[in-house]
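The structure appears below as structure tokens.
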Amino acid sequence: MATDSASCEPDLSRAPGDAEGATAEAAKKEFDVDTLSKSELRMLLSVMEGELEARDLVIEALRARRKEVFIQERYGRFNLNDPFLALQRDYEAGAGDKEKPVCTNPLSILEAVMAHCRKMQERMSAQLAAAESRQKKLEMEKLQLQALEQEHKKLAAHLEEERGKNKHVVLMLVKECKQLSGKVVEEAQKLEEVMVKLEEEKKKTSELEDQLSAEKQRSAGMEAQLEKQLFEFDTEREQLRAKLTREEAHTTDLKEEIDKMKKMMEQMKKGNDGKPGLSLPRKTKDKRLASISVATEGPVTRSVACQTDVVTESTDPVKKLPLSVPIKPSTGSPLVSTNTKGNVGPSALLIRPGIDRQASHSDLGPSPPTALPSSASRIEENGPSAGNAPDLSNSTPSTPSGTAPAAAQTLGAAPQNHSQAPPVHSLHSPCANTHPGLNPRIQAARFRFQGNANDPDQNGNNTQSPPSRDVSPTSRDNLVAKQLARNTVTQALSRFTSPQAGASSRLGASPGGDAGTCPPVGRTGLKTPGAARVDRGNPPPIPPKKPGLSQTPSPPHPQLRASNAGAKVDNKIVASPPSTLPQGTKVVNEENVPKSSSPQLPPKPSIDLTVASAGCPVSALATSQVGAWPAETPGLNQPACTDSSLVIPTTVAFRSSINPVSASSRSPGASDSLLVTASGWSPSLTPLLMSGGPAPLAGRPTLLQQAAAQGNVTLLSMLLNEEGLDINYCCEDSHSALYSAAKNGHTDCVRLLLNAEARVDAADKNGFTPLCVAAAQGHFECIELLTAYNANINHSAAGGQTPLYLACKTGNKECIKLLLEAGTDRSIKTRDGWTPIHAAVDTGNVDSLKLLMYHRVPAPGNSLSAEEPKSGLFSLNGGESPPGSSKPVVPADLINHADKEGWTAAHIAASKGFKNCLEILCRHGGLEPERRDKCNRTVHDVATDDCKHLLENLNALKIPLRISVGEIQPSNDGSDDFECEHTICTLNIRKQTSWEDFSKAVSQALTNHFQAISSDGCWGLEDGTLNNTTDSCIGLGTSSIQSIMLGSIPWSTGQSFSQSPWDFMKKKKVEQVTVLLSGPQEGCLSSVTYTSMIPLQMLQNYLRLVEQYHNVIFHGPEGSLQDYIANQLALCMKHRQMAAGFPCEIVRAEVDSGFSKEQLVDVFISNACLIPVKQFPVKKKIIVILENLEKSSLSELLGDFLAPLENRSTESPCTFQKGNGTSECYYFHENCFLLGTLAKACLQGSDLLVQQHFRWVQLRWDCEPSQGLLQRFLRRKAVSKFRGQLPAPCDPVCKIVDWVISVWRQLNSCLARLGTPEALLGPKYFLSCPVVPGHAQATVKWMSKLWNAIIAPRVQEAILSRAAMNKQPGARQTASKKHPSQGQQAVVRAALSILLNKAILHGCPLPRTELDQQIADFKGGSFPLSIVSSYSKKKGESAAWRKVNTSPRKKPGHFSSPMWNKPDLKHEGMRNKSVPHLNINRSSSLSKQQSLENDLSMTLTLDHRLSLGSDDEADLVKELQSMCSSKSESDISKIADSREDLRTFDSSRTNPVTSAPVNLRMPVPQKEASPLSSHQTTECSNSKSKTELGVSRVKSFLPVPRSKVAQCSQNTKRSSSSSSNTRQLEINNNSKEENWNVDKHEHVEKRNK
């Protein structure tokens, strides 16, 4: 306690001293509160607050010591132990008022001090508050004065500036007016001159075009004629050259034959008896007829006439030899009529006779000359004639003319043989010398396959056998000599030791000498000399237009004789059924041949053999022969069985290095006659085995090769079953049997040989293995077999060619794929340094190159099918995968590998112009296009023009250029369909591109893009047409750019970096260039223009109106983007004001039906738009947006605000009542802007009172900006979908976009004519149209949803509101909408049907079949023909009613609606109650659409006795009539006349008959209305049956009035109109298909069951 008192006492002692000191100091300074400054007042206030705090502390301390002080004062002087003192205390306590305490009470003193302090505090506070208020008022007045002075100065300066400007402008305008007036006169004169010149130029141009077209036609005709003549000349020249060569060679050979025959005759005279002597000269005579020639060879070629060739007199010995003319294979052609018995099909005739002039028989010199006697007998056409030769009784008989020409067509048929061929030696001609060491087996087998020697021909003459016969007599008198000569055939074996021209097999090559180098394939060339001729009849003559073709027939083929049951081969019976092939020519022996006079084997029965016209050799054993032996070339350049018809060789050709063989190798009894009988004989298949001296006949290895080469599986299997046979035997060219089979693609033979353990890698002399030759020929099945048997897939031939290299040369992708999957090495090089990639590129085969570069080898254990999805990097049919979808498997070293000349694969592709191959190579990241060859040339140096362009763009960076408008905040202003970014093009940035070029490219791309999307012309504008102006018609240009982002790095046009653009983009990894447009945040509207496609000039004009008038309302049809425009303008104004230093705020108020005027007052007051009259206006800018004003009455909502809004000052206040009930005077200040949006096309009623107090901006659908907005918006969307490119006008996307635009325009046009402006639609609802390339159905589906959810309900509501406007005003109008009359329902259905036909479905680019599938999704549009009976009676205007019927020349009867027929009440009453409305919602849709459609369909249940009872309904119907019949309106003037352009739609898919076509051509006059005739009634059944069978008929859904004269026909209550101009089809009411009621689906189901 003592401490507390001690601590408080100094405070009490100091406080009065401080107060006195302050008072004295204040007195000195003449203290005056009014003169104090603000800082001094604040200091005094703080001092006062300190004093008050000190006072509070003192009070608390005194209160705490109060009790102690009281006790001390009262009892401090007494001692409680002293009774005297206690008595004294009590006395004092009980003393009266007169006796006071000894000391004064301190509490009273303290209270007095506190009262005084409190008074002083109140006084000072009042003085301080008055000082502050005065200070505030002073500051405010100062600021206002300063602002007024500044404004005055600005206005004065601005006034002077404007005066000067106006004066200058007036002077300039006067001057310009004078100049322009002069220019107008000059321009008018120039225009007239230019127009005159233009007309002249047009005339000249048209004349030149006519002359040019005529000249083109004439030149085309002359070119065709010239080509035809050149072709004929070439053909004739080749034929004449071949003929001359043949004649020269033939003349020489005939002289040689004469000398040889003389010598032989001398030898024959030395014989023992005369009969053998007779046969020998005849035998030698036959040698004159063996012929070998090549059609295209020069003097080095020598030919010997064949036995079957026609020989004329010695003066012209080879005049009748046929020439080779390529013809098409045809069994009916007289030139190819008898390719029989020799397996020589017409496809041998398809070889072009001049492909390779290197093929020739060049070494015919060593043959000893043989000559024909000059008196050779002449051959008649149909029989023999007596000859002049003493040793011949008859000449060789003739043959049908088709035989010789058919074989003659193969002249030069094997030009692919690049080797020189020696003369063909007679394989069976006899000789005087005998060979003592002849194999006895050959002699024994010689008669095994012989026929009778005395077989007569069809003319009764013995057939002269081919030169392979031992003896060849021609008369019946020499039969014995023939048989005796056969016994001495061994003497002829030694004749082949000397080189001489032999005769080819007769049947194997009909006139073998004219068949080029191809070997014969006939099987009966080794028949006995007396084989019977074929019974072919007289031949047709040769057409005269074939130059050089001999019309004199050659001798026929000898008859093929064999056993019907089978051919006996080495004591084995092998079945030989007759071959039957399509389009074959069946050869049948029709005569029995008399037996020989000497004992011989019995004649063999003939085989009925059909020779296929396709040219395939037919096996007599198992018909397993599948191909022909092509001319062998060491380079493997000729595929045997790929991409061409089978080549059937028809003569013998061997290399010149091979010497003749003995006759025993081809004698009739030789062991290889087994091959002849079994599968046909082709001597060229087996190269001659020995040279010089007598040689044995061909052994089993040779037969094995022949069987493998010809694909004779039966013979091959027989030979492989023999013991001791060397299956790996190789001929002189080192060709094994497996090699031959693989070369010709005989898969079965390859399989047999591999199973027999043939050497799979046996190589020929050039190093080619069977796998190599199979790859070169493209036989992928053989490759698969060989690789399965572990063939060396990386084997290199003599030149380094691997199987993969050869396959790439051929270009067979299956072979390449098999080899790659087998694991072959892609990098093996040839001797010239070429890799398989070089080979693939050299042929220009894109698929081969893709396989080499991208095909991955499947992992072990994975099947090919499992690997396909991973390795299927491209389609082998030519389709390319997108770049970057796969990585190449070949390394860069292989792609860049150079050959001996330094050329890479890219050099080859570029030099040959293979752009596709070069492009694939360029996709490899490691390609080095700058690599130089040994001549210091790069790929670009040797490239063609196309490839140079590709290489120039090779390293170009393709960076997309995008336009960004910033983020679009989600809102209800219609911006949900807007996108933030759009791709406009792709920039190609090359290494040499500079920053200046880059700036120009960006600017040009932006300019082109803006002009392309804003152009009102057609699609597909080129860049060259877009460079006329700097800004587009929507006002955007390069000046609209805010900034450009290179990835994330900002860049501006004209800016340069130290690095080039290519290096910069590469190193910074720039993926796109983004152009940011100036937007509201910058106080501009460019981004708003690009986003909404509203022209920039119009937006700027709207902004000017808002800033100038302060009160603006945007109104137009619903969906005209009013809300979006208002919000964007407000945002732009806000940022402009903020940039100027003024705060700004946007207030949005959404008006609905419950929004009251009081709520609007609260909005205005709370946001300081309305301020009290006594209050000064604020500097803050406030923008109020009232949205959806159409939902409230403008006069009620804004009526009280009109005057204050128009006069914004305190002079025109308005009293408003607040929400709390108080009222006060307010006014609108100048910094408040009011924007409103109204979704109405026009104002009506009391709303017109508001119109004059606001600035109205009307957004009409048929004027800008709405008119072209949709077109520009969808065009930009299409450009973005196509990555910045405008699609072609014929593209389906363009057609579907144009259709959507026309739908919007035609829909609004029809609604405007209908008088329902409240149903008009702005473009907003159509902005969400999906633009999907290749999927037009999605757009039609979207259109159906839009129709069901938006268009149809709005049309229904608008029509019903119009119909009920006058009849049921006020509150009853809503009830009328819910329960419309039947007439109103009919009008609604008619209107929907017309709109769907004329606005929606008209012009849809979908095909009719696809559109029919989509039609059912459009709800509420099925309006069948019906009529209101009372209308015609009431109005008496049936002629006007006729205008509703849009089909021409309609004859109305008693109509009734098949859709709305009310069923019999007795029978269907309960059903009507249970089914209240038609089932229109058949297809699934959104729940909103379903509810809307249900509401719509409930209004469409009609009674069949409906009528139009009101004048308003009649007016609506008249509008519908005029709309349907009028063709004057531009939007609907393109309605098609044909039935296909009008679409069918029905509310029921199961009843397609309840509709009729709508023909919008012309109205029908009243006089044509007549009852339906019975003829028309009959036709309806046909129409019905066709319709039920799926013939889609177009329907008309318009109400048609009943005709009075048709009321009697009660049996025709249904009708269906036709588009015919003369009659109308009517449907009988009696059929169940037409009896429509509410539950029609049940009837349909019953009928279907």
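Think of each number as a place in line: the chain as shown, counted from 1.
Cβ from N, Cα, C; glycine included.
When the residues Ser1052, Ser1510, Ser1538 are compared with Swiss-Prot, the one annotated as phosphoserine is Ser1510. Within the listed segments 1-27, 622-648, 1351-1377, Swiss-Prot records region 'Disordered' for the stretch 1-27.
The range from 1438-1471, 1472-1505 that Swiss-Prot describes as region 'Disordered' is residues 1438-1471. Residues 835, 837-838, 840-842, 844-846, 849-850, 853, 883, 888, 890-893, 895, 937-940, 942-944, 946-948, 950-951, 954 of the same chain lie 6 or more positions beyond the ends of the repeat 'ANK 6' (901-931) yet place their CB under 8 Å from a CB of it. Helix first, then strand, then coil: DSSP counts for the repeat 'ANK 1' (699-729) stand at 20 helix, 0 strand, 11 coil. Assigned with DSSP, the residues of the repeat 'ANK 6' (901-931) fall into helix, strand and coil as follows: 17 helix, 0 strand, 14 coil. DSSP labels the residues of the repeat 'ANK 4' (799-828) in these numbers: 17 helix, 0 strand, 13 coil.
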